[in-house]
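Here's what Swiss-Prot has on this protein:
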- 1-26: signal peptide (SIGNAL)
- 74-168: domain 'Cytochrome c' (DOMAIN)
- Cys102, Cys105, His106, Cys140: heme c 1 binding site (BINDING)
- Cys203, Cys206, His207, Cys248: heme c 2 binding site (BINDING)
- Arg244: substrate binding site (BINDING)
- Cys248: active site, cysteine persulfide intermediate (ACT_SITE)
Amino acid sequence: MKTMTGRLVAAALVCGGAFSGAAVSAGPDDPLVINGEIEIVTRAPTPAHLADRFDEIRSGWTFRTDDTQALEMDDFENSGMVFVEEARAVWDRPEGTEGKACADCHGAVDDGMYGLRAVYPKYVESAGKVRTVEQMINACRTSRMGAPEWDYIGPDMTAMVALIASVSRGMPVSVAIDGPAQSTWEKGREIYYTRYGQLDLSCASCHEQYFDHYIRADHLSQGQINGFPSYRLKNARLNAVHDRFRGCIRDTRGVPFAVGSPEFVALELYVASRGNGLSVEGPSVRN
């Protein structure tokens, strides 16, 4: 039977690198203050349901190099904000057979969407299920605007989610995991700890058991999603949560669930809950 370290070594070798067993840290004590005014909580007490897993929870920002961290501290340096500004124009633009814009129902985005990113995914009574921000956007487009759905992880959708996240930066993540959301949360937890692919790895393998170690050149974080959508220097674009989930499962040589699927919605709720208490940070900058 393979040991866990053996699995991670195998994963590194697939990518042409090697696993370093030494725990490291890239400026974890540096404060994140955006534009000199938006204070972001990047380290927080561990949520009760993770009390036996971590001493504290940490934003992915604390695992990045000083240079990468600095890019997120100024909106003029954060390339993700280019897409936020594009989405602001779309917010006010009428579309569809109804000729309506987002602003017609929700008003100014800074007011109408304030606080929303902090509590999603959430159980939506009218839908009878847990919904993501992306699903709510597409529901508005089809039912209220008479416009076609956006690609779930396409550039239009991801830019709009980044805009919605940006107006809540600094607010604490606070997704509900009890009541009608509990069964979805439990499904997400099951997926998180399930091993996938030929490398037989789970989300927890990298982001819980071996976080703060290196695998090849990647400094493993706790896998928090409070900073999504995230502008990655690696691919020079905004990246959506489900796109990242899909990539992680592919890295195990497994077959990922579909974006927007019940499985990924459940996983998103669970992973978001692991960051309860951190600040909404999107669009973040990562490697």
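Cβ atoms are placed via backbone N, Cα and C, with glycine included.
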Most distant Cα pair in Å, residues Cys102, Cys105, His106, Cys140 binding heme c 1: 11
Secondary structure content of the domain 'Cytochrome c' (74-168), with strand meaning DSSP E or B: 50 helix, 8 strand, 37 coil
Fewest other C-beta atoms within 10 angstroms, as judged across His106, Arg244, which are the binding-site residues: His106
Distant-in-sequence Cβ neighbours of Cys248 (heme c 2 binding site), under 8 Å, six or more positions away: Cys203, Cys206
Overall pLDDT for the domain 'Cytochrome c' (74-168), taken as the rounded mean: 98
Of Cys105, Cys140, Cys203, Cys206 (the binding-site residues), the residue whose Cβ has the fewest other Cβ atoms within 10 Å: Cys105
Neighbour count (Cβ, 10 Å) for His207 (heme c 2 binding site): 19
Sorted by sequence, non-Cys203, Cys206, His207, Cys248 residues with Cβ within 8 Å of centre, heme c 2: Leu201, Ser202, Ala204, Ser205, Glu208, Gly223
Check: same-chain CB within 8 A of heme c 1 site center, minus Cys102, Cys105, His106, Cys140: Lys100, Ala101, Ala103, Asp104, Gly112, Arg144
